[in-house]
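Single-structure report; data block below.
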Amino acid sequence: MKDTKANFTFCLYWNKLSSESRDGYIGILWSRSELVLFLTRVLGQDNAEAANNVSKWTGTVYLFSLLGAFLSDSYWGRYKTCAIFQAIFVIGLASLSLSASIFLLKPKGCGDEQSPCGSHSAFQLAFFNLSIYLIALGNGGYQPNIATFGADQFDEEDPIEGYSKIAFFSYFYLALNLGSLFSNTILGYFENEGMWAIGFWASTGSAILALVLFLYGTPRYRHFKPKGNPLSRFSQVLVAATRKLKVEMMPSGEDLFELEGKKCSKNGDRKILHTQGFKFLDRAAVITQKEFNQMDKDTHNPWHLCTVTQVEEVKCILRLLPIWLCTILYSVVFTQMESLFVEQGAAMKTTISSFHIPPASMSSFDILSVAAFIFIYRRVLDPLVALRMNNAKGLTELQRMGIGLVIAILAMVAAGVVECFRLHYATTECTHCEGSSSLSIFWQVPQYVLIGASEVFMYVGQLEFFNGQAPDGLKSFGSALCMTSISLGNYVSSLLVTIVMRFSARDNMPGWIPGNLNKGHLDLFYFLLAALTTADLMVYIACAKWYKYIKFEGKSGDNNANEHDELRV
């Protein structure tokens with residue numbers, strides 16, 4: 001299995017170059033931050049419109065992740081789903097490269113900081129939108145499955161591989177960030193000079209190479225068969241429970257139906273142990289006299305009688321939803337790094353001597369921060385906490401996600417303070433206002449570093465949590481929940497910007513986020529996000545205390561209950 005994992009990690013790196021998967025990107029030279037610049041410089045959109053369109057597009061990427069997860073868990077399996085959607089992604093990149101080369105970048109040499117492009121026809125804009133949403137479909141459908149497929153390569157029943165699986169998600173996230181480091185620095189510099197077409201074709205080539213590498217490892221991968229449509233299983237539990245509203249139940253739950261011995265539940269490879277809570281759903285597994293008589297024939301109707309595992313599968317998803325909802329606001333904060341952080345940086349001093357620093361390249365500090373904090377957490381903090389708490393597993397996923405929210409609050413406060421100083425040294429009357437403040441862009445470094453640190457705790461913790469807490473037949477759906485929280489975060493960010501602009505723009509006031517940031521109050525928007533995230537943290541702590549971890553029965557029949565039945569505070 002060593003060769004399988006090495007090939008898989010190498011493939012991830014090239015996928016990162018072509019598809020910056022950690023937050024829904026278009027290509028090797030086009031992260032979300034670069035998309036903002038492309039929309040403003042090439043398509044002529046203003047700052048607020050570009051930021052909203054980026055958030056909507058990125059949100060769509062993650063909505064498609066639900067489609068990919070559904071097809072993977074129900075019909076295709078993770079390997080086939082990854083291959084098909086990666087091929088769609090390549091097609092989208094190729095059409096984007098063609099559109100940029102043929103008609104978007106006109107007149108020749110436009111698209112840099114000084115030379116915006118001309119207007120475009122409805123057909124040209126339609127072709128562009130078709131291309132980027134093909135990319136959204138391919139990248140979105142691919143994302144939730146690649147992480148889960150990677151985790152499939154580890155046997156968690158094996159002590160060594162089980163520990164390696166925990167570390168996998170950290171190094172998975174690290175591989176994605178290392179791949180984007182090159183695109184956000186050297187290649188990002190060329191893009192800032194208006195060489196968009198070259199970047200798109202390089203992205204297409206990288207995506208093709210990633211697909212080839214992925215397919216090359218086919219004979220070595222571990223493959224798992226899909227478990228069937230989860231929607232029908234969920235519906236069966238609800239219908240069966242409703243049919244038995246008047247049926248009496250034993251408080252202990254010992255009379256509930258479960259397949260015995262080696263009879264495999266179609267919900268997954270392992271049975272799920274019964275847990276307290278959502279007792280209404282337990283009715284679906286209560287055996288009536290009529291059903292007991294049918295059991296002699298070794299048959300049962302799942303619309304009348306469900307197994308404990310099937311019921312617990314529904315309970316698991318219901319318990320995950322409050323935690324999932326609390327992660328959405330964090331994604332609103334994370335979204336600012338690829339939109340408003342870039343616009344803020346563009347209005348600061350971006351030169352050192354005669355060298356120009358592309359505002360979007362500042363996200364390299366986020367990537368370096370992620371790499372540094374993954375190392376610090378895995379090699380220093382986690383062992384230290386494990387020793388201090390006398391627990392081999394260290395911090396739970398829920399605790400790490402809570403720490404991520406705290407760091408995100410600090411990041412928004414830091415961004416707001418920097419904006420206050422930027423406004424103090426800014427020139428109000430300007431045309432484009434790029435570089436209109438004498439405050440150096442390097443004052444943004446703390447906010448990028450804090451965002452990177454929060455990612456290590458929040459997003460890596462999310463990947464581990466949703467993958468580990470999802471039933472065996474819904475692993476891709478668990479990863480999709482993580483992706484979808486980012487999707488809704490982008491939509492909420494877009495909605496929040498729209499609401500703020502509507503209520504803050506009055507009389508002669510252009511609003512908090514106008515085209516000329518020197519006449520606005522971006523600092524107040526950052527402080528608003530800090531306040532909202534603080535409130536979200538309070539709700540999250542309550543939900544985390546309430547959450548009960550899923551308890552599996554091992555393949556050997558032994559109980560494999562999670563040691564952390566509740567959040568330790």
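All positions are counted from 1 along the displayed chain.
Placement of Cβ uses the backbone N, Cα and C atoms for every residue, glycine included.
Because TrEMBL annotations are produced automatically, they should be read as predictions rather than curated entries.
Feature annotations, courtesy of TrEMBL:
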type	residues	note
TRANSMEM	83-105	transmembrane segment
TRANSMEM	171-190	transmembrane segment
TRANSMEM	196-217	transmembrane segment
TRANSMEM	317-337	transmembrane segment
TRANSMEM	357-377	transmembrane segment
TRANSMEM	398-418	transmembrane segment
TRANSMEM	441-460	transmembrane segment
TRANSMEM	481-504	transmembrane segment
TRANSMEM	524-547	transmembrane segment
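Taking residue pairs at least 6 apart in sequence, the transmembrane segment (441-460) and the transmembrane segment (398-418) share three or more C-beta contacts under 8 angstroms. Highest Cβ pair count under 8 Å relative to the transmembrane segment (441-460), across stretches 83-105, 317-337, 357-377, 481-504, 524-547: 357-377. Recorded stretches compared: 196-217, 317-337, 357-377, 481-504; the one with the most Cβ pairs under 8 Å to the transmembrane segment (83-105) is 196-217. Most Cβ pairs under 8 Å with the transmembrane segment (317-337) belong to 481-504, among the candidate stretches 196-217, 357-377, 481-504.
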